[in-house]
Structures are given as structure tokens and as C-alpha cells.
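Engineer: Below: one structure in C-alpha cells.
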Amino acid sequence: MSGKAIFVVIIAIVLLLLIGSLIGFYFYERRRRQNAPVSPVSPVTPVQPGPPVSPTTCPAYYTIDSSDISGFNMSTINNLATQDDCSQECSKNPNCSWYNYDPNNKVCYLKKTVATPNTTTTFRIRNTGNYDKCTQWAPSINGDIPGFDIKDINNNTEDECKQECIQYDCDWYNYNSDSKACYIKKTQKQNGIVTSFRTGSNS
């Protein structure tokens, strides 16, 4: 065999060895990947809740238009330009439970309940919209507003009195804890006058 033929044979053998090595490496890697453990899935980080939304500011007063609770005046203030001015005057006096305001004559009537032991006057606060989380009842302890009754109920709990108040579309009720007497109340209709109950909120 000539030297050239021997060289060709050697080259062919080398190529076969390289091809064989590549094929062997391919199958080795394939088998290794098939047997490799599956990496665990990283846990999903839960979304952290944001800070709680601050509640809507509750109103300090609840107003009923075209209504009056006559009498019970503790102070009459003239020349108050706006209802807000009247609200501020009521807020200055801890005994002021509600007020009537006459916007035409700019007169503010600050009101207080009649001191009566074991009797609570509770104003109904009809909140709507953004104020649905605010208080719906504003009690005035040991105080009464005689008159304005639309229904009287005996031998009831105060919770039952409250439900009767809602049923009869009341504006407030008086409840005597000794006699268990419940008096459902409503303002008088009076055009041009507003009645505004103090809710107990500080806004």
C-alpha cells in the first residue's frame, strides 16, 4: 500500500473516531438531561395589600330642609350670613344639641334638650353615599324634647324603639329607660327653615 493510501486510511479512521465521539457525547448529554431532577418552581410572592383607605369624613351635622323644632331655644343669634356660621356657633357650646337656621332672615336658633333623668333623645342621621359608614344615631343622654310625637310605644327595649322609629320614618325618638316608654318624633314642616342635628362627629 502506498504512502498516500495509508494517509487516507488514517484520516478516515480519525474522522470515524471523531464522529463516534460526537454521537456518544450527544446521547450522554441527552440521558443526563432526562435524569436530571426538575428544579422546583419558585413560589409566587403574594401581593401585599396597600394601606387601608381612610374613611370618608363624617359630617358634624345632619340637616333636614323645610323643618322646625320650635321652642327649646338656648340662644338666638342674628345676622349670621350662612348655615355654616350657625353650625360653628352650635359647636362652640357643648349644650347645643341642634339648631334651626332661617337663611332668609339670617337668624340662628341654638337649641338644647330639656334635662330629664333616665331619658335619652336620639336623633336619626340619614347618611347616604360616601357617608354610609358614619353613625346613624346621635344620642343626647338625660335629655328630652317633649311634643312632636307621631307614635308612643310602651314596654319596649331601646333597640325596639329604634326599629319603630325607622318604620315610622321618624326624625328622632325619646326613650325612658325606667318606664320602657318610647316616643317616636318628627319635625314640623316649615318652609324656609332648616333643622340641623349634631351628630357627635368632630368634622
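Cβ from N, Cα, C; glycine included.
According to Swiss-Prot, the record shows the following:
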- C86-C108: disulfide bond (DISULFID)
- C90-C96: disulfide bond (DISULFID)
- C161-C182: disulfide bond (DISULFID)
- 58-128: domain 'PAN 1' (DOMAIN)
- 134-203: domain 'PAN 2' (DOMAIN)
- N73: N-linked glycosylation site (CARBOHYD)
- N95: N-linked glycosylation site (CARBOHYD)
- N118: N-linked glycosylation site (CARBOHYD)
- N155: N-linked glycosylation site (CARBOHYD)
- 1-24: signal peptide (SIGNAL)
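Help me picture where these features are in the structure shown.
Structural biologist: Look at C108 (disulfide bond): DSSP puts it in a strand.
Classification of C90 (disulfide bond) by DSSP places it within a helix. A 10 Å cutoff on Cβ-Cβ distances gives C90 (disulfide bond) a total of 28 other Cβ atoms nearby, all chains included.
Around C161 (disulfide bond), taking its Cβ as the centre, 22 other Cβ atoms fall within 10 Å, counting all chains. According to its DSSP assignment, C161 (disulfide bond) is helical.
The predicted model assigns the domain 'PAN 2' (134-203) a mean pLDDT of 94.
Long-range C-beta contacts of N73 (N-linked glycosylation site), restricted to its own chain and to partners at least six residues apart, with a cutoff below 8 Å, comprise Y109, L110, K111.
Every protein chain considered, the tally of other Cβ atoms within 10 Å of the Cβ of N95 (N-linked glycosylation site) stands at 14. The DSSP secondary structure for N95 (N-linked glycosylation site) is coil.
A sphere of 10 angstroms centred on the C-beta of N118 (N-linked glycosylation site) encloses 12 other C-beta atoms. In three-state terms derived from DSSP, N118 (N-linked glycosylation site) belongs to an extended strand segment.
Under the DSSP three-state reduction, N155 (N-linked glycosylation site) is assigned to coil, being neither helix nor strand.
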Engineer: N118 (N-linked glycosylation site) to C182 (disulfide bond): how many Å between their Cα atoms?
Structural biologist: 12
Engineer: For C182 (disulfide bond), list the number of other Cβ atoms lying within 10 Å of its Cβ atom.
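Structural biologist: C182 (disulfide bond): 23 neighbouring Cβ atoms within 10 Å.
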Engineer: Of the recorded positions N95, N155, C182, which sits closest to C86 (disulfide bond) by Cα distance?
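Structural biologist: With Cα distances computed to C86 (disulfide bond), the winner among N95, N155, C182 is N95.
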Engineer: On a C-alpha basis, identify the one among C90, N95, C108, N155 that is nearest to C182 (disulfide bond); the candidates are the recorded positions.
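Structural biologist: For C182 (disulfide bond), the closest Cα among C90, N95, C108, N155 is found at N155.
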Engineer: Around C86 (disulfide bond), how many other C-beta atoms are within 10 angstroms of its C-beta?
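Structural biologist: The answer is 26.
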Engineer: Quick one: pull the CA-CA distance for N95 (N-linked glycosylation site) versus C161 (disulfide bond), whole Å only.
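Structural biologist: Per the Cα atoms, N95 (N-linked glycosylation site) and C161 (disulfide bond) stand 25 Å apart.
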